[in-house]
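J.: My structure is below; once you've seen it, I'll send some questions.
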Amino acid sequence: MRVVAAILYINVVVALICGLGIQGGALDLQDYPSVSFQGDAMQLQDYPSITFNLKGATWQTYRDFIEKLREIVTRGATTIAGTSIPVLNRVVPDSRRFVYVRLINLDGNVVTIAVDVTSLYVVAFSANNNGYFFSDSTETERTNLFVGIPRGDPLGFTGNYNSLENWAGADRGSIPLGPALLNKAIRNLRSNGRDSKAAKSLIVVIQMVSEAARFRRIEEQVRRSIADQDTFTPGSLMITMEKKWSKMSQQVERSVNDQGIFTGIFTRTVQLIDDNLQTLNIDNFNALSLHTMLAILLFRCRTTTSSHNTLPAASNIVLMGEDYVDKDDEKCTVGEPTRRISGRAGWCVDVKDGRDNDGNPIQVLSCGDGQERKQQWTFHRDGTIRSKLGKCMTAYGFKHGEYVMIYDCDTAIAGANKWVVSIDGTITNPISGLVLTAPRGATGTTLLVEKNVHAARQCWRVGDDVEPIVTKIVGFQEKCLEANYLENTNVSRYTKVFLDDCVLDRQQQRWALYSDGTIRADSDRSLRVTADGHRSLDSIIILACKGWGNQRWVFNTDGTILNPNAKLVMDVKDSDVSLLQIILHQSTGKPNQKWLTVTLPRTS
């Protein structure tokens, strides 16, 4: 029977060769790594396969490759409510557990890596017709991957970054990345899968594949290196992002409240380090997204709106470079974090004079240390927002224009002290549908509840770091958003916003993102990106601050930048950079409407 099975196997291979039109060449079995025998019968594990070929590679082909990998690993996954960010499936049947990623270098050398769809973890690879497994490989991996080809000697290291770095004799911060380094890594893995060169090569491969799929910021760095045919060395922000992916995922998933609304308020801070070695204490989703462009979440807990997978629990996942072991398929616990609320012009929501009497107004005031008692608020699961003074943020009534005060939580009018925090920055009273508003652009302004017109004066960020986030905004064809205003001149003469080649130190490409949803010129923060109207095809320009709806923007997780007042997105007109025109447009999902933030390190 084994002879018969072998003959059948040969026939299948011949059929595959003929079907693909391969003539006169030897078959490389790693092109068919899922062929296996069970008993006397041949089996085909139908794992999907994708390819990235460095020959003729462009940033566009790399972008498409990463997008396809994301699509495969998130099939059947749920998304976080109100976002487009998928959560990887906690468990999947073995028949869908892996994806093969074929990497081809300039010499035609092929290395195939196996990626676990539950973690984006590289778990094995094949090179030179041999399959290689890490020293901590599981039975599931050894049983299902690279069967039908010889097994190389077991690797002396695990797939964890700590083990790889030890074997490589170098840490990630000293190992360059880029197309030339990926080309070399494929060659090294092809020639020798077991030595220190292999460990170093795997560090390159893992970051340029798995980490780029997890974070659009890393994808963007690789894309730019391909476009420029250059290399880059991971900075401290990239490395801490890689280390904290699990913790990020946990905090995002625990930001869905008991009503299934994604507030984006973290229970615990995620600490990152920027490239100037300054600490970033990230305690809300908006800041996390702007700094990391997080694209995929690891399953950490079941959110209120997630479906529960009833398959048997998967084996514990030990993540690359992390000190966390994910154990439980448990429901997310929603905390009651205490944070500042900042909004118009970056000012903080403040209890006037720090007095705790019922009816005392709530205002906006400059944020300051030592003012925690009157500028910090606890977000309770019952929908109340409570001052450290012990009283609730309460609307005086349910009519447009009523003022907002602190009041005893138990004796306030029913529903007047309930609030819904939305990921777009709106804080709404669910009874009246009115939203928290700072009506005037001056400190000491008393807050009101008003009809939602999606104005900047109605946008808030919940988080203790109230400083604007300074960033470049990268758009179509890897070019940067730029304004052609000149300092110390009449700004009305220099109002155009357009795309140009990214230049690191060009001031006109630096933008400050404020808590009120405004995008401001970093060198003159009185100037805002403004929609010159509310209709499709209206231009986007620079104007002085007004607090209007046409000056508020939302960076969506799908890569669009939305003006919520017009319900239109930022668009490169006609996908033609040479027109030097950015406009409002209905969302189409096309590349000329996709944007990335590349945040800049803070000065010490």
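Glycine is no exception: its Cβ is also placed from the backbone N, Cα and C atoms.
Annotated disulfide bond per Swiss-Prot: CYS348-CYS367, CYS392-CYS409, CYS480-CYS502, in sequence order. According to Swiss-Prot, the domain 'Ricin B-type lectin 1' annotation covers 335-463, on the basis of sequence analysis. Taken from Swiss-Prot, the feature domain 'Ricin B-type lectin 2' applies to 466-598, supported by sequence analysis. The repeat '1-gamma' annotation in Swiss-Prot covers 432-465. The annotation repeat '2-alpha' is assigned in Swiss-Prot to 477-521. The annotation repeat '2-gamma' is assigned in Swiss-Prot to 566-599.
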J.: Any same-chain residues 6+ apart from CYS480 (disulfide bond) with CB under 8 Å of its CB? Would you list them in sequence order, or say none?
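T.: For CYS480 (disulfide bond), the qualifying residues are LYS472, ILE473, VAL474, LEU499, ASP500, ASP501, CYS502, VAL503, ARG506, GLN509.
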J.: Does CYS409 (disulfide bond) have same-chain partners at least 6 apart in sequence with Cβ under 8 Å from its own Cβ, and which are they?
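T.: Those within reach of CYS409 (disulfide bond), by Cβ under 8 Å and sequence separation of 6 or more, are THR384, ARG386, LYS391, CYS392, ASN417.
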J.: State the three-class DSSP label for CYS409 (disulfide bond), counting H, G and I as helix, E and B as strand, and everything else as coil.
T.: coil
J.: Over the span of the repeat '2-gamma' (566-599), how high is the average pLDDT in this prediction?
T.: 97
J.: For the repeat '1-gamma' (432-465), DSSP counts of helix, strand and coil?
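T.: For that range the per-state counts are 3 helix, 9 strand, 22 coil.
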J.: How many helix, strand and coil residues does the repeat '2-gamma' (566-599) contain under DSSP?
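T.: Going through the repeat '2-gamma' (566-599) residue by residue, I get 9 helix, 13 strand, 12 coil.
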J.: Within 10 Å of the Cβ of CYS392 (disulfide bond), how many other Cβ atoms are there?
T.: 25
J.: Under 8 Å between C-beta atoms and at least six apart in sequence, can you list the same-chain neighbours of CYS348 (disulfide bond), or say none if there are none?
T.: ARG340, ILE341, SER342, VAL364, LEU365, SER366, CYS367, GLY368, GLN371, GLN375, VAL466
